[in-house]
Protein chains: 10
Amino acid sequence: MNDAKTELGRKILKIKKAKGLRWADIAARITMSPVWTCALCMGQMSAEPHHARGIAEILGLDEEEEATLCEIPYRGAQPMPPTDPLIYRFYELVLVYGTSWKEMIHEEFGDGIMSAIDYDMQLERLPDQKGDRVKITMSGKFLPYKRY
Amino acid sequence: MNDAKTELGRKILKIKKAKGLRWADIAARITMSPVWTCALCMGQMSAEPHHARGIAEILGLDEEEEATLCEIPYRGAQPMPPTDPLIYRFYELVLVYGTSWKEMIHEEFGDGIMSAIDYDMQLERLPDQKGDRVKITMSGKFLPYKRY
Amino acid sequence: MNDAKTELGRKILKIKKAKGLRWADIAARITMSPVWTCALCMGQMSAEPHHARGIAEILGLDEEEEATLCEIPYRGAQPMPPTDPLIYRFYELVLVYGTSWKEMIHEEFGDGIMSAIDYDMQLERLPDQKGDRVKITMSGKFLPYKRY
Amino acid sequence: MNDAKTELGRKILKIKKAKGLRWADIAARITMSPVWTCALCMGQMSAEPHHARGIAEILGLDEEEEATLCEIPYRGAQPMPPTDPLIYRFYELVLVYGTSWKEMIHEEFGDGIMSAIDYDMQLERLPDQKGDRVKITMSGKFLPYKRY
Amino acid sequence: MNDAKTELGRKILKIKKAKGLRWADIAARITMSPVWTCALCMGQMSAEPHHARGIAEILGLDEEEEATLCEIPYRGAQPMPPTDPLIYRFYELVLVYGTSWKEMIHEEFGDGIMSAIDYDMQLERLPDQKGDRVKITMSGKFLPYKRY
Amino acid sequence: MNDAKTELGRKILKIKKAKGLRWADIAARITMSPVWTCALCMGQMSAEPHHARGIAEILGLDEEEEATLCEIPYRGAQPMPPTDPLIYRFYELVLVYGTSWKEMIHEEFGDGIMSAIDYDMQLERLPDQKGDRVKITMSGKFLPYKRY
Amino acid sequence: MNDAKTELGRKILKIKKAKGLRWADIAARITMSPVWTCALCMGQMSAEPHHARGIAEILGLDEEEEATLCEIPYRGAQPMPPTDPLIYRFYELVLVYGTSWKEMIHEEFGDGIMSAIDYDMQLERLPDQKGDRVKITMSGKFLPYKRY
Amino acid sequence: MNDAKTELGRKILKIKKAKGLRWADIAARITMSPVWTCALCMGQMSAEPHHARGIAEILGLDEEEEATLCEIPYRGAQPMPPTDPLIYRFYELVLVYGTSWKEMIHEEFGDGIMSAIDYDMQLERLPDQKGDRVKITMSGKFLPYKRY
Amino acid sequence: MNDAKTELGRKILKIKKAKGLRWADIAARITMSPVWTCALCMGQMSAEPHHARGIAEILGLDEEEEATLCEIPYRGAQPMPPTDPLIYRFYELVLVYGTSWKEMIHEEFGDGIMSAIDYDMQLERLPDQKGDRVKITMSGKFLPYKRY
Amino acid sequence: MNDAKTELGRKILKIKKAKGLRWADIAARITMSPVWTCALCMGQMSAEPHHARGIAEILGLDEEEEATLCEIPYRGAQPMPPTDPLIYRFYELVLVYGTSWKEMIHEEFGDGIMSAIDYDMQLERLPDQKGDRVKITMSGKFLPYKRY
């Protein structure tokens, strides 16, 4: 169902490289965050018309591609378990830290979950003498389990 | 192989509740972070002797249990895909954001990965009028793929 | 991790049968809905102390069992795909109606999901000449995907 | 086997968007419910000729496409477990509530199942100050297990 | 959840052998068919009290075991794909004849299914010069897919 | 390996519909049973030349298609577990009745299996006031396990 | 269901070792082949009473164990894919030679299969200067696919 | 990676049929065994140039196809578990006889395996009054586990 | 996502064969190791521009193909478990030696892992009278688990 | 089947720790390599009597445990994919380098495999200023695919 969005993602990666743009550049154009902009271009988010407009302009997309950016995707094309080592490391974090997240969030908030929908994320480079680090900051709204 | 560590984890949860302790209290005793301390108690990390000492004292563990804390675990007891909704949401983030993490980290650092070993994490409550949020900050050393 | 809650669930089923109680009776005692009360007793929900109190009284549970009702479960013990025909039919509904739910909810609400956390459900008998029907009414809060 | 119905589904989504129609509009034309009409268009149901006729007229489909609407599908194209978060939440409900549905339906009706064939469903918006809700009402005929 | 029914099944097999009974003997006692009676004893069906009574008498079961026969099972303990050759052959029939059943039933009845709930079955020996045959006769109510 | 037979199956379904034929009509032409004829056309059986001849004539197939009917298939294209509800019900019968078939066949015949190769099947409509039924009659040669 | 047969298998391996017996010795006692005798003792075959008698005598089994040898097993406890390298090699032969077996058997016999029930096997040491070889000879009755 | 070899296999099957050749005929031309020749043509083995030469001549293959026969395949295209009944029976033999092969080979040879690489196989028709049999003779070099 | 790199890999294998080159020849041209060069050409590594330059020259690749060599791959196209016997043997080593690697590395280095990113490998022929051997030497940086 | 060997492995780990021994110490006692000795103790290899003798002496095992060391294991208890990060990295190497191993070994040796049976391995610490490295050296006999 996502063929159009996936194909557009591949095309955007090529244009972005050819134009020497960074995700931050594209994001700045639409005043959104780089992570969300990247996820949108990779076909995992849906844009509002003005976002699609801005991205189409900076990347030189046609009208149909602009509309494709606004479509709501069937999310989750990522194979599981991930075969790519970079992505696998995040899967491994779930394996190793899953129970800790559960215990700590319940301790602090009670029964419920951290939303993956009302959710945002940032990704930064953290300079470090022993080797720079990838820093990821995320926040998701706590949703209490309804008792009814 | 982890039976002893898993069983100890269950016991610690009971003691912690009975004593009204929080992970932060236990962590403070050994001057470590709450997330790592929780992961250690859940059987996913190995302690150095003085950490095990401190935890044994605050929780009232016996010598064998103290030694168990120092053992290196066979990590990853978490069933996959996770059946628990709280843990599943993190798995879903890998499904949705996997390719974005890959594109953004490569853009910034080149070919390589974010280490899940030389890695740390913090978990906080982020007050918010529309509902408090779970904030997670993590950093992992970037490891460039060796070309040889 | 849920052994205690699962085992308690089995015990409650026996007591309930022996006492000739219905879920509605137990639910009425704690002024909650029968579905939630049943899910709680089956080990899939966590009770607040006064709910646990009421259930312990009506069923004659001891203190430890009462505390077990308050514990937050590792949810989702149900094998998938379900082997039991009654439960499988719900799984089949996801197979058959999954894409329709997606298209209809997006049409009405835009990009987002129906929460399975801020969620409630009712189950009724619907008299019908051609054979009575099971009626299920559920509602979940719509959560819009955050654009950031 | 469903290639024609799946492809037609994609085409219908485009026409529907281009014409600014809602599922309710298409359903009204054939005096059927919006959910069934949507499921039909998504390739999961088979139409009677006059339904196919009405839909072909409102959407401008050709004769072969009209015939495709009448074909009986090989149902269940939905990947399992669902990777899309919206659809996954329904799968999660089976994980969490499966045993409760089983206990409650047996309590009320005895041994048997809720039919997923002699089944209907409605989907509505439920206005709510804390955020509107998705309301789903479904009913399926109870089928008692035959003892022979 | 079915431990009691599975365990009882094993015990019944032993008693049956020790007493030199056949399924037909047990079935005759409760005026039911041998297949259903066997499925009941194997823990896959639920008895009405008088069936349980008759079986308890002929096999010498105690009161708790009699009650166990009346319990509604979590059906489907059979591993899939079946590793046992006898059971696997039936699985193979689904692989080979699945699409033919679908085409033929739809041709005759239209869109719908053969119920596996309002269903009965017989198993007989069919004498044959080239080697006796297993004859299975089954019938299930046709359930038309509801259009609503 | 079965592409030709699968594709031919799809084509036959169309021709059959266009010509208003039933499986019984096609089967009568070659004096074979409707189930086997249907399975042959669905690509799961191999024809003898005169069967292929008859089918080619009644359906208007060309020489290559006639030859394709005679080819021995790589059987079993059916996805498992079946996602289509009609086919799934047969899979469910294996889940529920697998152990009963095993116990009953062994009781009657001793150690061995019912052949799925030296096997035949009939499918009929069984008129019934409470709703017509699908009746399936199958027989397979009993094959005793060789002791050597 | 095979617990008794599996447990007996483990015990037989110990007795056999303690007594310094070979499968050929046990087989000779009951005038059967070593492979079948081994498979019987490993819990994968059912004995006739006089076989069980002979094995009980040579191994010193009690009456219940003798009866266990006669029970018909739920076959196929072997995990798949096999994790043990010796057993895996046979699985690999299916991967590599599966299509060749199919083409060659069909060429010689037409449409049908080699029975794995009316089947026997021998295992020998084949002396060879470059290293002795395992020689396996098997034969299974050809079963033609019934056309009906 | 094996597309060329798989496609060539399909073509060879057609040519072989058109020319009325048997595997034994093709094998005789290159003085190799029919099984190996068949496996080579099915894309699971690699030919030496003179084998490829001979096969190309007898079948009328072009130069590129001849070269394809010499390529070393990515072996194992067979789906597992096999859906085709003929191939499945061999898989079933691994399920049923896996542990017996292990016990018997270790008894005779000690710790090690039967090679599936230094391996050969023959397939014959064994005339038998009660129905001809498929006879398979295989031998593989015993490889002792190295202790170092 | 790796289509271009995979396709290029296939093309390189053909050119390499046509030109009679060995991996060592290609590697020597860019002063890199043969294993890394091979992995790069197989689409599992990313080149720096001058590596891509050298490879393009020796193999006669065009500009787009040269750029493809520099792209960072979605790694891990290898099916698991591997169906090819050569690759499977490495998988088997993980099955057999996994726990030994874990115990030995922890004994020597403490808690942590051997990096598969800061990693190199060599593959050589080891002449041996009893048959030459494949020698693989690998080294990966030890990464201690961070305690924080 | 390996329960005794697995349990013994756990016990050996405890004794080894209590006695402050290293694998090299145990290996030296029986003049074998540390890797093989470790694999033996972890239940994945079989000892000759004098090896078992030496290990029993140094670790203080009883006669039955000594015999257990000599038993041939059902190898491969390691869960796959490995959940433990240390072991997973080796699995990842198969994912990333599988095709390169295949291409390079075939280039050097022709069609065949590296034996995982006639195989040895060493594990060393490689001092390195940027962080010490794990060095693994392995060699396996090349086995050419038999053409017959």
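Using the three backbone atoms N, Cα and C, a Cβ is placed for every residue, glycine included.
Keep in mind it's a predicted model, so treat the numbers as computed, not measured.
According to TrEMBL, the active site annotation covers A:Arg89, A:Glu92, A:Ser115. Annotation source TrEMBL lists domain 'Cyanate lyase C-terminal' at A:76-148.
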- Chain-internal residues, separated by at least six, CB under 8 A from A:Ser115 (active site): A:Gly140, A:Lys141, A:Phe142, A:Leu143
- A:Glu92 (active site) has how many other Cβ neighbours within 10 Å of its own Cβ? 23
- Under a criterion of Cβ-Cβ distance under 8 Å and sequence separation of at least 6, what residues of the same chain contact A:Arg89 (active site)? none
- In terms of DSSP three-state secondary structure, what is the assignment for A:Ser115 (active site)? strand
- Message: Under 8 Å Cβ-Cβ to anything in chain J: which of these active-site residues pass, A:Arg89, A:Glu92, A:Ser115?
- Response: A:Glu92
- Report, in sequence order, every one of the active-site residues (A:Arg89, A:Glu92, A:Ser115) having a CB within less than 8 angstroms of a CB belonging to chain H; if no such residue exists, report 'none'. none
- Task: Would you kindly determine which active-site residues in the set A:Arg89, A:Glu92, A:Ser115 have their Cβ under 8 angstroms from any Cβ of chain C, listing them in sequence order or replying 'none'?
- Result: A:Ser115
